[in-house]
Structure formats: structure tokens, C-alpha cells
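Participant: Taken from TrEMBL, the feature domain 'CHY-type' applies to 87-163. If you look up TrEMBL, you'll see 165-229 marked as domain 'CTCHY-type'. Positions annotated as domain 'RING-type' by TrEMBL: 230-273.
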Amino acid sequence: MEKFLLLKMKLLAAGGRLPYDLTNDFLWCKTFKMGAMDVQLESTAVQHGQAKINVEEHALVSLLSDEKYATEKTEDVDSDDYEKLEEGIMQYGCAHYRRRCRIRAPCCNEIFDCRHCHNETKNSIKIDAVKRHELPRHEVQQVICSLCGTEQEVRQVCISCGVCMGKYFCEVCKLFDDDVSKQQYHCNGCGICRIGGKENFFHCSKCGCCYSIVLKNSHACVEGAMHHDCPICFEYLFESTNDVSVLPCGHTIHVKCLREMEEHCQFACPLCSKSVCDMSKAWERLDEELATISDTCDNKMVRILCNDCGATSEVQFHLIAHKCQKCKSYNTRQI
């Protein structure tokens, strides 16, 4: 009864005529309702090796990385100097970084804990649109030691009190961070620092970003895939601090945005309309459902384009959905 009520609503909305295609705005919700109770649709991130990318900016070269720092302590640094370097570690910083210094913004000459703190303040909707701006990370020239308050040129160890202002330090990105558990590394291809361990990622020159190593020989390359806004929330993906997922089609989207799409029964890429996960079991359920519905348009044939494989077919018209003759997908549109 539910499906016929839905069809009636569609027909009324179309002015009583048979609509040219009900697939695009009806199929995904219909398919999910039929299969959601007993068909577990795997997320794209799981199918593709949990291709999450977190692009917080972190360290290029650490003079004081875990193992090297411990070695320097015993071989090159006496106990007093070591204690001074470690003074205040993990006790200073902001919500974004644990660090023992603040930065002077080159754009507005004000002092902030980090560039994210600056951007949250100076690029807020509360600020006059004309005055909004972001901090250019590579142009930072001055830092202020959090322990002694000395302002100085960018460097890892304070020239006044001798404290290490960041256990991980990137001279290129002007980044300081005491939390080394993030496994920070600098990518020359991206031009910024990332987290997760360099050994776990590779830089794809065509896509223009670092991807999980499990995608090295399996992802679909899209020119500048990360250099655009998320198609859902419109945040710039390349510098986003939120996890990003690479879809089977090669397009990218925030993981949280992808989950919201699934919660609203949307399983097609917002950019190219290809399925974002394996829908084969859902199509099987749809086959079973369509077999129980009598078709009153036996003689009407229509041409369709498959969003998944790109093939065109001539199939019998159906009110609910049209099946691709090549890949058996119902993710199609009438042409």
C-alpha cells in the first residue's frame, strides 16, 4: 500500500501525467527502505581501506623526535639542559595544539596561540566581510615563548630561556607541536604537514594530495580531487582538519558528510551520481519488489543512461526504476 500511495503522490505532483522519470528522486529512498533492515551497506571508507585523510598541519623536521630526542638526551645533552628543554611540555597551547609558544600574525600583527585560533577569530561571520582574512602559515616570522614571553624569530628552542617550544617543529610550515603521538610529517608534494605517519600515506601527483597507502594501486585518479570544496558542506577539503573519504569514482567528501548522506538515503556521489558503495544486494531486493508490481505500460520503451557504468540501454518503461542491461544497476536516468 505504501508504494502505491507514494506513486499516487508522484503522479499528482506531475499533474496527473506519467512523469518522464521517477528514478532520481525516488529510487534511492525506496531501495534503502527495502534493504536497510537486512542488507548492511558497507561504507565507502571501509571498502576502500578506510581512506581517511586528516590534514592538520604538522612537522617537517623534528630535531627532537621521540627516539632521536631520547638519544640526544643521553649522548649530547646533559641532564640540566634536557630538563630545561622539557620544561612545561604539554602544559601550554590551545584546543588545536600543545605547544610552548604563540605566534604573531603577519597579516594583522596580533598574537594568537596558533593559526586556527587566528582564523576562528578573524574569519568569523561576526567580522565585517571586508575585514575577514586567514593567516598565511608560511609567512609567520615571529613567535613568543609561552614560558618567558620573549619574542623572537621562528625557531625551535627559545633564545632566552632555552626551552623547546615544540617537540615537533616544521620550519617550512612554521608549526610547533608537543603532542608527537599524531605522527606528524611534512609532504613536499602537498606543501603542508599532515598527521598519521609518513609510512602510511603516499602522495598522488594527479589527485594532488596524500592518500592512505592501501589506495596506492586501487583509487580512481581525478585531477585535483582534493583541491575543491566538500560538495555537501562546502569546506575547502585540501586544508580541512576533518576526515575525508575517497569515493570509488575518485571524488572526495568529508566522512561525516558521507554519513549524513547515508542517513538521508542518498547513496550517489553528489558530483557524478555514481554509487558510493556496493549496492548489489539492494538491487536484488529491488528486483524482488518490482516483480510483485504489475506493469501497465508493457509496450512503452525508453532509453536510459547508467550512472554507474555509463552504458546506454533501451528498456521497458517502469514507474519505479529502470535497470541497466550491462551492470544490472538501478542507478539510472532516462535520456
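The first residue you see is number 1, and the count goes up from there.
Placement of Cβ uses the backbone N, Cα and C atoms for every residue, glycine included.
Since this is a predicted model, take the numbers as computed values, not measurements.
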Participant: For the domain 'RING-type' (230-273), how many residues does DSSP put in helix, in strand and in coil?
Facilitator: 9 helix, 8 strand, 27 coil
Participant: Using DSSP, tally how many residues of the domain 'CTCHY-type' (165-229) sit in helix, strand and coil.
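Facilitator: Each residue of the domain 'CTCHY-type' (165-229) counted once, the result is 9 helix, 21 strand, 35 coil.
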Participant: With DSSP, how much of the domain 'CHY-type' (87-163) is helix, how much strand and how much coil, in residues?
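Facilitator: Residue counts in helix, strand and coil order: 11 helix, 16 strand, 50 coil.
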